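A short write-up of the structure that comes next.
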Amino acid sequence: MSATRIRRFGAVLAAAAGGTSILLFTRPSIAGNDRGPSPDLVRSQINDSKAVVPSRVVQESALIAANNSNPLDILVIGGGATGCGVALDAATRGLRVGLVEREDFSSGTSSRSTKLIHGGVRYLEKAVFNLDYGQLKLVFHALEERKQAKDRSLKGAVVYYDGQMNDSRLNVGLALTAALAGAAVLNHAEVISLIKDEASNRIIGARIRNNLSGKEFDTYAKVVVNAAGPFCDSVRKLADQNVQPMICPSSGVHIVLPDYYSPEGMGLIVPKTKDGRVVFMLPWLGRTVAGTTDSDTVITLLPEPHEDEIQFILDAISDYLNVKVRRTDVLSAWSGIRPLAMDPSAKNTESISRDHVVCEDFPGLVTITGGKWTTYRSMAEDAVNAAIKSGKLNPSNGCLTQNLRLVGGDGWDPSSFTVLAQQYVRMKRTYGGKFVPGVMDTAVAKHLSHAYGIMAEQVAIIAQNEGLGKRLAHGYPFLEAEVAYCARNEYCESAVDFVARRCRLAFLDTDAAGRALPRIIEIMATEHKWDKSRRKQELQKAKEFLETFKSSKNKQFHDGKHK
């Protein structure tokens, strides 16, 4: 058994949790004929604490303007870590880029990870004992990027250091940074068909539906990059119904438990349980994440954990803790689908890799899949290189992303939260309608600083000046001001977008998330001008979403006591 000590990220990733600022947009449209801005100008735009981002209307207009005579260089399908990474990489090379995502940025596998940026202890073990070079290569890629235990049978332990992240906040930060670099990114926009040039038989664009408005339009591109994760075979079938599948989906289930299951800053990994599996407990955002499973599954938009998988995790960790482990302690539970990939061009189709695969099995359609969060940047670089070769594109410079801070990262350091605590108050509305000042306490200030980087001051200003300083849920640092900020500046278009991916309440505590929904929807309705019918629809959809996290069976709060 070994213990994992989790270190806080440095400025690049801690603030990559990313926010951005006001909703005005002054940058020229990507649909113009000019090349992208210089690398220095791109960096200055991203690093500007008053950086501007385009509205959805502007982004959609840019995609529509990319016609057959003036196509994008690259159109990315998929807004997860890899897709947003591809958009950012390509845009910072001076290429004209668009990205569409059927649901929300990070709505799939990228928000359901183990929350680690690590070197892959399991992969190293397989590399050594199975003489598997593919697994060793994955460890190299990862490293480049980068308790309360029973002691009766403990023979020894190893302490090592790892990196931890807020995965969906990092993913949103990637999308926003790509937008600032010149990419037209649009969530809730679904590719319903691919456009093929009849003469050359090459993919030259896509038919897209805005799932919020129902509007459909065509976007043309010299190369389409398929970064749809577990759904990449569905995109490939739009090009050829008879294409050989390359995804072998695997389910990974995680549960969240109270903070006392793991000491602050120290996690625990058991590399081999009684049945040979790996389990871990990691402190994350004030709670404990435990997992995971690795089992065959079917591909679905909203995967759900099974009760037997939840019980397996509980049983496995109970062997190593003095704490009594109970199903009623589970605050949230979720399932993510790992897109384990087979290279369709490989002679041995039995070889399933956790490394990534880049292929172009249909002209003009480059597919990137497999891999892991830790290697998203190098995956994106490989995919853009393949796209440049496929489309004979002319980037203005090479890859910049290895030394590029994401939005909110420049100027951030671990003590940045003190500025918020010292200079701002939280104006809270009482039940009588009056506004009273409240302290910007350390927990809230640290949360805002870690989640939004240098953009946190803009959230604090909203909390202070607009009377949105209340916490959304008891015991959690999330503020009402964040709902307004994300709706204005982070393409947050639904209650689920906020509760699952802008703040992480759905992943931390389904009961608290459910109780916060009415206020979240009230604020979003003001920002997006929702009518009564839309509010009701949002509440219903959010409750259904939380049920996929086993909300009705998780810990609940009644009459001052948890049940």
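Cβ atoms are placed via backbone N, Cα and C, with glycine included.
The feature domain 'FAD-dependent oxidoreductase 2 FAD-binding' is assigned by TrEMBL to 73-113. Cβ atoms under 8 Å from those of the domain 'FAD-dependent oxidoreductase 2 FAD-binding' (73-113) belong to residues 30-31, 35-37, 39, 42, 62-63, 66, 167-168, 170-172, 174-175, 177-178, 181-191, 205-206, 208, 211, 219-232, 235, 252, 254, 301, 334-339, 356, 368-369, 371, 373, 376-377, 379-381, 383-384, 387-388, 391, 393, 395-401, 404, 491, 493-494, 496-497, 500-501, 507 of the same chain, restricted to positions at least 6 beyond its ends.
Under the heading domain 'FAD dependent oxidoreductase', TrEMBL lists 145-377.
The domain 'Alpha-glycerophosphate oxidase C-terminal' annotation in TrEMBL covers 399-535.
According to DSSP, the domain 'FAD-dependent oxidoreductase 2 FAD-binding' (73-113) comprises 14 helix, 10 strand, 17 coil. Helix, strand and coil residue tallies for the domain 'Alpha-glycerophosphate oxidase C-terminal' (399-535), in that order: 79 helix, 12 strand, 46 coil [DSSP].
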